[in-house]
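Feature annotation from Swiss-Prot assigns substrate binding site to Asn67, Met96, Tyr125, His163, Ser185, Arg186, Gly187, Asp226, Gly227, Leu228, Arg229, Glu265, Tyr292; the stated evidence is sequence analysis. Residues or ranges marked as Zn(2+) binding site by Swiss-Prot: His269, His333. The [4Fe-4S] cluster binding site annotation in Swiss-Prot covers Cys408, Cys411, Cys415.
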Amino acid sequence: MTQLEAARKGKITEEMAYVAEKEGVSPEFVREGVAAGRIVIPRNPNHKTLTDFKGIGEGLSVKVNANLGTSYDYVNVEEEVEKARVAIQYGADTVMDLSTGGDLKAIRKRILEVATVPLGTVPIYEAEFRAARRKNFFDMSADELFQVIEEHGKEGVDYITVHVGVTLKNLEVYRNSPRTTGIVSRGGGLMAAWMLHRGEENPLYARFDDLLDIARTYDMTLSLGDGLRPGSLADSTDRAQIAELLTIGELVERARRAGVQAMVEGPGHIPLNEVAANVQIQKKLTGHAPFYILGMLPVDTAAGFDHIAGAIGGALAGWWGADMLCYLTPAEHLGLPTPEHVKQGVIAFKIAAHAADVARGNKRALERNRRMSEARYRLDWEGQFALALFPEEARRLKEERGSKTKACSMCGPFCPMNLVEAVLKGKGRMELPVA
């Protein structure tokens, strides 16, 4: 029985109860959200190391995903395992293995072993990889793709990205809608190239019922990928993007009827003035399915600092209702990220998600910020470290340049909070400034 099927029968599962406790909401709230398809809990029972269940969707905190995985040029399994550890250490709510080089099955197994949070994959990468090794990518059969999906389910993958909206009809819309950067989704591009070369329909769309059968068997959440997402501001919110979203909205309903959890992936390169519209359109067309976005990236020109640019867009999108942010790293658009890049990306997007939670009125986020302010006013450094999103970094910076006073080394005896208190109460909590 899937989480969705259990929720519809009125059953509160162990995972629902866990999510409710973590989020500070009632188990019934979570159950109702899952039953309605507005919350998903990626949870494949075969993922034995998964202990930190995550709820993604409306009424819950904004989540962050961290991508990792090998590439054609760089295959270092231990480094990818380290990336997974680093991502989880700094707060990634889920991780995705996007490996395209080396022994993909072995790499996935190693990452599953250390992934205490849900793990996602993009099965077409492995299906393409196998076909390319045998002959060429275009030789991939539909059966081979579904075989890979089945294998991922058996191994314990919790959610899979499937580019079901890249249909022949939507590719016609794309071809008739001039773009600056074409198709930028790797999985979507692979599927589109395969379809155009062979003149065949997307098997994930044509055989969607088969996909649902596999997903239901392993309770794999379907992450319906946006293969036609815009890859530049010039292409944002165009006809191809919306045409694909309309198709995805229909498939969300089919997934729900089949008892399969589904969330929807979104852009991408979107200017700030279009972020709200993109979130609202997605929620409207998909029956408020959880929205999992890449960024959003509000400028095309931040190469080397896309994690910062993406966090800006992600915070705004989260405020408007996006449910999970896929991080960007400093290496985005430039190369395969290192563990340090992963750390920087997760930190930037956890801050963005937290900012969105505050704006959405999340009670726990608001309380944490209030307590931080109180500790700051008291010059309670241990209290501040405990409440900081990243305590170790806060402590390191404080101790790196200490002060002779109780304040920090920026103001020292000129700390305004201390000075005002000194006047109001007739004494200071530390030394008054001297010449």
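Glycine is treated like the rest: Cβ placed from N, Cα and C.
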Inset, instruction - Give me the Cα-Cα distance between His333 (Zn(2+) binding site) and Gly187 (substrate binding site), rounded to a whole Å. - result: 16
Inset, instruction - Would you list, in sequence order, the binding-site residues among His269, Cys408, Cys411, Cys415 whose CA lies within 10 Å of the CA of Tyr292 (substrate binding site)? - result: none
Legend entry - Tyr292 (substrate binding site): tally of other CB atoms within 10 A of its CB: 28
Legend entry - For the binding-site residues Cys408, Cys411, Cys415, the one whose C-beta sees the most other C-beta atoms within 10 angstroms: Cys415
Inset, instruction - Using DSSP with the three-state reduction, classify Cys415 ([4Fe-4S] cluster binding site) as helix, strand or coil. - result: coil
Inset, instruction - With substrate as the bound species and Asn67, Met96, Tyr125, His163, Ser185, Arg186, Gly187, Asp226, Gly227, Leu228, Arg229, Glu265, Tyr292 as its recorded binding residues, calculate the greatest Cα-Cα distance and give it in Å as a whole number. - result: 20
Inset, instruction - Give me the Cα-Cα distance between Cys411 ([4Fe-4S] cluster binding site) and His269 (Zn(2+) binding site), rounded to a whole Å. - result: 41
Inset, instruction - May I have the list of same-chain residues other than Cys408, Cys411, Cys415 whose Cβ is within 8 Å of the Cβ centroid of the recorded [4Fe-4S] cluster site, in sequence order? - result: Ser403, Thr405, Ala407, Ser409, Met410, Gly412, Phe414, Pro416, Asn418
